[in-house]
Amino acid sequence: MLPCFQLLRIGGGRGGDLYTFHPPAGAGCTYRLGHRADLCDVALRPQQEPGLISGIHAELHAEPRGDDWRVSLEDHSLQGTLVNNVRLPRGHRLELSDGDLLTFGPEGPPGTSPSEFYFMFQQVRVKPQDFAAITIPRSRGETRAGAGFRPMLPSQGAPQRPLSTLSPAPKATLILNSIGSLSKLRPQPLTFSPSWGGPRSLPVPAPPGEVGNAPSAPPPRNRRKSVHRVLAELDDDSQPSESPPPVLMEPRKKLRVDKAPLTPTGNRRGRPRKYPVSAPMAPPAVGGGEPCAAPCCCLPQEETVAWVQCDGCDVWFHVACVGCSIQAAREADFRCPGCRAGIQT
């Protein structure tokens, strides 16, 4: 690893954004910066105002200090050189620290554009074969064209690779590009559903266009509600609101429809709740229980058996045994034969 120092350019400009310097071992040296490429190691060619950069604008003096270098900046310009936004007196030499900001050219008034040449000073240790901009200083008085900022190859025996294979972009630029690529990452949305009764696997998020087409979960089934719907005609309160008003206003319509496998009990849903539960008034069982009160019960064998209660004695009869229909029992009062005989006498 070679102890080097760098000038990293900040802002606009074409190429030459990173300059890496490695002075010869064991001796100090001087690097010159300015717009005279034939006299300077680093050519500063302004694009906006050429007169703001002197031919030899400033010098970098490097002196060995242990395993590192002591670097100082000296101003030789008429327009000025700034270190951390403080103007350096002409001819004065100032030692630089890692991270200092160097500005070559005058500091513009507030509201104007800053200087084109704005650098950060860095002290680093690098491998020579990783940079094509490691240079040696130009000897004073040398005016050969193209002999300014040129690469220095590694020492004999050190691993090296051809300069043509090196990346043309500066290393600092590559690092900034890799950091900027973090903005391209797209976080995956965390989707979960509430757990009822145990853990569940997370559902796979569907594309936005398919969300509206996803089938909704079926509503939970209520077993008690289902049974009530099967025996909807057994309860006066279960009549729908669309039923005819006479049926809703009649308090003494006592009809029930039983299924053959079901056995009526004292708390049977079809029995009107306005009558007390007692043994004589309990509806007879279907299939094997107490028959209806008709003198000649025919014991209907249908799966669904309809019952009707007498409005006089509150006794239950099979609709088929008394010879009437459910519709007729709903529309008018039902009287059993015994009650009708009592009314006639």
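Using N, Cα and C of the backbone, Cβ positions are placed for all residues, glycine too.
Marked as domain 'FHA' by Swiss-Prot on the basis of sequence analysis: 31-88.
Per Swiss-Prot, region 'Disordered' is recorded for 138-167 (among others).
The region 'Disordered' annotation in Swiss-Prot covers 190-277 (among others).
If you look up Swiss-Prot, you'll see 293-342 marked as zinc finger, on the strength of sequence analysis. The average pLDDT computed over the zinc finger (293-342) stands at 79.
Residues or ranges marked as Zn(2+) 1 binding site by Swiss-Prot: Cys296, Cys298, His318, Cys321. Long-range neighbours of His318 (Zn(2+) 1 binding site) (same chain, six or more residues apart, CB within less than 8 Å of its CB): Cys292, Ala294, Cys297, Cys298, Pro300, Val305, Ala306, Trp307, Val308.
Positions annotated as Zn(2+) 2 binding site by Swiss-Prot: Cys310, Cys313, Cys336, Cys339. Under the three-state DSSP scheme, Cys339 (Zn(2+) 2 binding site) falls in the helix class. Around the Cβ of Cys339 (Zn(2+) 2 binding site), the same chain contributes Cys310, Asp311, Gly312, Cys313, each under 8 angstroms and 6 or more positions distant in sequence.
Other than the site residues Cys310, Cys313, Cys336, Cys339, same-chain residues with C-beta atoms no more than 8 angstroms from the centre of those residues' C-beta atoms, the Zn(2+) 2 site, are Asp311, Gly312, Asp314, Val315, Phe334, Arg335, Pro337, Gly338, Arg340. On the backbone, the CA of Cys296 (Zn(2+) 1 binding site) and the CA of Cys336 (Zn(2+) 2 binding site) stand 13 Å apart. The distance from the Cα of Cys336 (Zn(2+) 2 binding site) to the Cα of Cys321 (Zn(2+) 1 binding site) comes to 11 Å.
Neighbour counts were taken at the CB atom with a 10 A radius for the binding-site residues Cys296, Cys298, Cys313, Cys321; the maximum falls on Cys321.
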